[in-house]
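Noted in Swiss-Prot for the protein shown:
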type: DOMAIN; residues: 45-242; note: domain 'Lon N-terminal'
type: BINDING; residues: Gly393, Pro394, Pro395, Gly396, Val397, Gly398, Lys399, Thr400; note: ATP binding site
type: DOMAIN; residues: 629-811; note: domain 'Lon proteolytic'
type: ACT_SITE; residues: Ser717; note: active site
type: ACT_SITE; residues: Lys760; note: active site
Amino acid sequence: MIDRKYIRLGEDDEDDGFPVFFPVLSVCEEDEDFKVKEDHMQEEMPILALRNMILFPGVAMPIMVGREKSLKLIRYVEKKGVYFGAVSQRDMDVEEPDRADLYDVGVVAEIIRVLEMPDGTTTAIVQGRQRFALQEITATEPFMKGRVKLLPDILPGKNKDHEFEALVSTIQDMSLKMMELMVERPPRELILSMRRNKNPMYQINFASANISTSIAVKQELLEISKMKDRGYRLLYLLHKELQVMELKASIQMKTREEMDKQQKEYFLQQQIKTIQEELGGNINDIEVQELRTKATTMKWSSEVAETFEKELRKLERLHPQSPDYSVQMQYVQTIISLPWGVFSKDNFNLKRAQSVLDRDHFGLEKVKERIIEHLAVLKMKGDMKSPIICLYGPPGVGKTSLGKSIAESLGRKYVRISLGGLHDEAEIRGHRRTYIGAMCGRIIQSLQRAGTSNPVFVLDEIDKIDSDYKGDPSSALLEVLDPEQNNAFHDNYLDIDFDLSHVLFIATANSLSSISRPLLDRMELIDVSGYIIEEKVEIAARHLIPKQLVEHGFRKNDIKFSKKTIEKLIDDYTRESGVRTLEKQIAAVIRKITKEAAMNVVHTTKVEPSDLVTFLGAPRYTRDRYQGNGDAGVVIGLAWTSVGGEILFIETSLHRGREPKLTLTGNLGDVMKESAVIALDYIRAHSDELGISQEIFNNWQVHVHVPEGAIPKDGPSAGITMVTSLVSALTRRKVRAGIAMTGEITLRGKVLPVGGIKEKILAAKRSGITEIILCEENRKDIEEINDIYLKGLKFHYVSNINEVLKEALLEEKVIDTTDIYSFGKKTEEEKAEKVEKTEKKQRKK
């Protein structure tokens, strides 16, 4: 950027009616080179140290003289009328510079005029003449003197150099353009003078002196001898500076336009406000009045009404252009949009409610019975606090979809929020209004969306709530799900109590283990366990197949699935307690048929079991079915996972070893390993009762294995199974055919109850098991299960391990190569033979 160092002289110094400005654009001939004649040079030239400026040949500029030595030099040069040398300092902060503080190249200069300024300072108007090389400083008092060597400025040859002419012209144009972009434009006289000056050296030096860059860069330009090279270097710097100036100008223009726009809008708003006030109101008043009118129809308490009116008065005092206006308006609109005292009318037709539940879901009798009971109480009493129900069970059994059916059967609105992965307490309680972008929590948002205060509210995946430094959402749910507290639920954003006691909350979970105990205590737990194969067949025939046919463009009866086909589909292509994967496999079959129909191929209208391999490929799963058992040490246990029950084979083998050892394999967890250790220790302690010789433990090593080693297994319920397996292996007694068991074992031989009984029973029935051994305390769990699940099963309830072994083991022994007892007898015979040999040796001696 070109520096604006113009000094206006007095009125009496005007020439031809124009004030004189500096730097002065000298009226010079086109070929003038500003050289100094050698005979005009002094042997020792006064040297003036310049701070923060560079003087170029031909350029005139003001120098503010501040240092005492510099003032003496100016007085001396003015009096004698001689030249002096102007050299820039490397560091402007140095007060007493020496040779090392000065650049190597300076400019011979002459004084045009010395001005005494009104503030008492002295300003010298000087003009550069020719460059020189500073050789040495010869004196420092009363001012610096030194020897110099003149340096020529090399112009192109006498023949016209069109490239150089174009270069100079470009520099001149860019300099003028930069003047036009300046915030305060230079005087018109300066611009006109620069346009008229055709001296190439002057044009280059003037632009070099006034470009906005560092002193070091300007000094670099001064030290370039060839004017053409100096011009190209200058052109690069000018181009760079011009880009910056154009960008600044663009930014300033945009800023100015934006400010003008804002001022215009402000004035228009003021005018509109004035006009509306003259007419009797304004926009703000109209909006507030509409809200106040709507508030008269609300069925809210006096506390809410007072709070709303107070917040509305705050809104009235705010200007619509205020940043707080939109925040306050949002809060007021949130209050008035909530369903205060608005309720859906319950449908008390119990038969219709039962038919809706039966239509949408097969089975799940316990859940349906609980909903009908709630409706019956409402019908008799007219009002009651809604229950907090938690449906827990494996995926795909219909827990979430059951909420929709319950809402339809009751005639209520349905809302659902997913809590999976939720880790911020503010998602439940909302954010305080002091935060930017604050809003109410998801509970209040859902009620706002429902439009009633008594919807069926599904809290999906409540067992997958997380917590972090932002808080624990499960703790916030304690207030929501407590019938004694939720009649005054406090949302941080709303800051007003809201009644949730009429909301029917239904939570869903896959497992109860990850839910906090206080939260569990507030909910009524209903086990939605898996379906048996007969139920899955009915669900597929009634719901899944018709649904998928319609979704794929068929009518409900266009394609038939036989019962055996559905059973094979369930057995060979799914492994779940629910029906989600079953629906996917049905959809896959129908897609294949849809493709046939779309290609005008004769498509299948009835799917047989043999067609499944064609449509779905080879069976994905092979069920662990009981095939009979003739081996000692192989016992069937029952396990339970989040996706349902499974049968579990536990195998025990023995092999000879030098020392006793128990080996456990099959990816077992710590609890299951402990069960094996307890089982073996119990057998050792009661070996006499079980008919097992202690010598066996000293000479045989025990290996317990649970197949499917890639799957982690853990839990205490395999305790009695491991005892039975070990006793069978050690005694070689056969295990009763078709029997499975589950239960925990103690060191005293007591059998303790376990969980997941229904899932385990379904797994046993699915695998062809006919008899099950359970703990006596699990009898109550069996009594709660529908008889349809128990058909074909015989239960043995036990309290100790002796009863387990009595029911599970036969007296018949397995005949195989592992002859433990012959090994024991052989050992005794060997000992007797050894003793006899020892006695014979002693007699011979």
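Even glycines carry a Cβ here, placed using N, Cα and C.
Everything Swiss-Prot records as a feature, shown here on the structure.
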residue: Gly393; record: ATP binding site; DSSP class: coil
residue: Gly398; record: ATP binding site; DSSP class: coil
residue: Ser717; record: active site; DSSP class: coil
residue: Lys760; record: active site; DSSP class: helix
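In sequence order, Lys399, Asn510, Asp527, Val528, Ser529, Gly530, Ser577 make up the list of same-chain residues 6 or more apart from Gly393 (ATP binding site) whose Cβ falls under 8 Å from its Cβ. When the Cα of Lys760 (active site) is compared against those of the recorded positions Pro395, Gly398, Ser717, the shortest separation belongs to Ser717. In this structure, the recorded positions under consideration are Lys399, Lys760, and the one with the smallest number of other Cβ atoms within 10 Å of its Cβ is Lys399. Here Ser717 (active site) is positioned 25 angstrom away from Gly396 (ATP binding site), judged by their C-alpha atoms. The Cβ of Ser717 (active site) has 28 other Cβ atoms within 10 Å, all protein chains considered. Residue density at Val397 (ATP binding site): 28 other Cβ atoms are found within 10 A of its Cβ, drawing on all protein chains shown.
Compute the center of the Cβ atoms of Gly393, Pro394, Pro395, Gly396, Val397, Gly398, Lys399, Thr400, which mark the site for ATP; besides them, the chain residues with Cβ within 8 Å of that center are Leu391, Thr508, Asn510, Val528, Ser577, Gly578, Arg580. Neighbour density for Gly398 (ATP binding site): within 10 A of its CB lie 24 other CB atoms from the protein chains shown. When the binding-site residues Pro394, Pro395, Gly396 are compared by the number of other CB atoms within 10 angstroms of each CB, Pro395 has the fewest. Taking the C-alpha positions, the distance from Pro394 (ATP binding site) to Ser717 (active site) comes to 19 Å.
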